[in-house]
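J.: Just passing along the structure, written as structure tokens.
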Amino acid sequence: MAGPKSAAIQIRAPNANPSNVKEQEKGRDSPVSAEKKRETPQRICRNVMIYGYCKFQDSGCVYYHPPPGTDPNVINTPATGSPAMTNPTPLSKEPKPSFGLGAEHLSAPVFVPKTPMGDNPSPRATTPSLAPSTIQVPSAPSPAPPPTMAQIPNWPNLGNQGGIIPRQDNSLSFDDSMISMDPSQSSAMDGSMFMHQPIRQPLDQHLYVSPLPHLTNPPVSHHPLHSFFIPDDLRRNLQAKHDATYLGSQSGSSPGLPSELGIYHSLQLLGQSQSGNSPPSKVYAHPAPVYKAVSSVDGNVYCLRRIEGYKLVNEAAFGAVDTWRRMRHPNIVGLREAFTTKTFNDNSLILVYDYHPLSTTIWDEHLSPNPPPHSPSRGQRSGMPIPERLLWSYITQMTNALKAVHSSGLAVRNLDPSKVLITGKNRIRLNGCGVWDVLAFDANTPIGVFQQEDLVALGKLIISLCCDFFQPGQHPALPLDHIQRNYSPDMKNLVMFLISKPSPLKSIDEAIKIMGPRILNELDAMQNYADTIESDLGAEMENGRIVRLLSKLGFINERAEFELDPRWSDTGDRYILKLFRDYVFHSVGVDGKPILDLSHVLTCLNKLDAGLDERIMLISRDDQSCLVVSYREIKHCIEAAFNELRNTGNPHRVHR
Ligand SMILES: Nc1ncnc2c1ncn2[C@@H]1O[C@H](COP(=O)(O)OP(=O)(O)OP(=O)(O)O)[C@@H](O)[C@H]1O
């Protein structure tokens, strides 16, 4: 490689010669020299400001040096009347051949740090962001010159509604600061120039977007750190579900259960009776234990319901299973397949359902005197009636499911509180669909009869949710009176309709008509929830971008060797990435303590991902090298280095 590759500004520190390096290292541990070190960034900045610059541009690289003849160790403190402040004339952008770069730079090699490899002094103190007011380095030529104040479109001042991270003074882009210091823009030199006028970039992709105002949106200053990520309770919930799904999924079946059942393995009993013989089911009369199992075909976790002591007498009993398998509905637990087996040393019917981790049932949640250990309502039963809003939500979801089932020419036939699964917050699904179609196969009874029974079962389920004293078989007069006193008239009307005698006019469609506007409430709630979840998803999307970026950096930084070059990751463009890594992660404060500022990390990485023209100063750990480089250039370095890695061994290497 014949010349410098990076489009960066390199600032040589005043004492950047090998003899000085040694001098510096000697005193590294003394407090005095540590103090000096912390001052170094300012020194460099001031030298740059005062000494002017010379510019060499080849392959987009611009080098800056102090002018010859000046004492590099003299610190020109810009007090009042400092050159930078009293002479706002911008530094000429024309090359000044009188100092700085000589012809030898025309063939300057790839930039290599002076510090010997492996010599890693502790990261020096750096300021997290370059304050443009203290350093004025002329911008490298860019395809489009920065707009003047007159050219800048008058963006409406929208406050900070677009970002959690406000654009602070020290995050002004380099070009912004140049605009404000350009005296040639005489129109900008009036009083308004000094007022804080945020210059809004059309694409602030480096900023995190706040939740939109229609979602609850605290003031920007109140955004806690975790607002960069999905809410804690959602994260905990999802994490718990993942844990429940994968817990024991590779550790084989529980003791006493077959190691394999067809294509399923790692069987584990679900539900309350975790050991011993299962009692007969409240609904199916047979013992009907439920297992979690893993499919060896697709690796997914499923829920297997086993009906013990089932003997198949008619193949047609499985006829309805195909229709159930095709049914995909948000309020129905999907049935995948059904088969008989003797693996348990008996005749068993197995129905395979979708697995919904950590789910409970309406029975466990609201009616059982002994809720299961993981039930959220355990110990919280207040004895108060279930809120009407929640009841309507349940009713709407169950009615929705019944409508789908009846429209498919099927009937649920086991609408019981223990067969309504609660799979999330107020989210329910009908469970065990298809069991009765096989278990009590009856080709002679019209499906309409079973559908009418579904409506009555729904009415009874609502009654038991409204009145916890209701017993099956009890006359409904007392519960209806209770409902009338505690719930709206619509509730009583619906229940009376559902438990009324079967008639051709009685259908799920008529029930839906009675519910009317209540369904719209559920629609509202669902859509609000969808909005919230979508907004949470947006936060994770930003983090996904950053993980990809960090992965690329990780592939490049500290790579021991690439194509027989042990210094690959420390030379050329990669050296900039190394310094950038230090800038982002290894900054230390003036007190010498590590700066563990996640906002700084996220801000830097987002700016990098967006490839902003804003510049930052990267300083080597030994203070000997200093680069002023834009995020855009760093991004280019990452892409180039990553492509180099990716194209290893490819004879047609393409650097995109
Ligand atoms: N599809 C499923 N996904 C995840 N867990 C399920 C699923 N189906 C059932 N479960 C779990 O299994 C438990 C037991 O379900 P089951 O239908 O057997 O209820 P039950 O109260 O034991 O009824 P029964 O008296 O009929 O046995 C449920 O509480 C639930 O935690």
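Yeah, the Cβs are placed from backbone N, Cα and C, and that goes for glycine too.
Below, the features straight out of TrEMBL:
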- ARG305, ASP354, TYR355, HIS356, PRO357, LEU358, SER359, THR360, THR361, SER418, LYS419: ATP binding site (BINDING)
- 517-555: coiled coil (COILED)
- 22-40: compositional bias 'Basic and acidic residues' (COMPBIAS)
- 123-137: compositional bias 'Polar residues' (COMPBIAS)
- 39-68: domain 'C3H1-type' (DOMAIN)
- 264-519: domain 'Protein kinase' (DOMAIN)
- 1-40: region 'Disordered' (REGION)
- 115-146: region 'Disordered' (REGION)
- 556-656: region 'Knob domain' (REGION)
- 39-68: zinc finger (ZN_FING)
J.: Where does TYR355 (ATP binding site) sit by DSSP, helix, strand or coil?
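T.: The residue in question, TYR355 (ATP binding site), is coil (DSSP, three-state).
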J.: With every protein chain in view, how many other Cβ atoms are within 10 Å of the Cβ of PRO357 (ATP binding site)?
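T.: Taking all protein chains shown, PRO357 (ATP binding site) has 18 Cβ neighbours within 10 Å.
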J.: Please state how far apart, in Å and to a whole number, the two most distant Cα atoms are among ARG305, ASP354, TYR355, HIS356, PRO357, LEU358, SER359, THR360, THR361, SER418, LYS419, the recorded ATP-binding residues.
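T.: Across ARG305, ASP354, TYR355, HIS356, PRO357, LEU358, SER359, THR360, THR361, SER418, LYS419, the two farthest Cα atoms sit 17 Å apart.
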J.: Per DSSP, LYS419 (ATP binding site) is which: helix, strand or coil?
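T.: Looking at the DSSP assignment, LYS419 (ATP binding site) belongs to a helix.
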J.: How do the residues of the region 'Knob domain' (556-656) split into helix, strand and coil according to DSSP?
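T.: The composition, in the requested order, is 46 helix, 15 strand, 40 coil.
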J.: Within its own chain, what residues at least 6 apart in sequence put their Cβ under 8 Å from the Cβ of THR361 (ATP binding site), listed in sequence order?
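T.: PRO417, SER418, LYS419, VAL420, LEU421, ILE422, ASN431 - these are the non-local Cβ neighbours of THR361 (ATP binding site), listed in sequence order.
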J.: Give the mean pLDDT for the zinc finger (39-68) on the 0 to 100 scale.
T.: 31
J.: Taking the Cβ of SER359 (ATP binding site) as the centre, how many other Cβ atoms fall within a 10 Å radius?
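T.: A 10 Å sphere around the Cβ of SER359 (ATP binding site) contains 22 other Cβ atoms.
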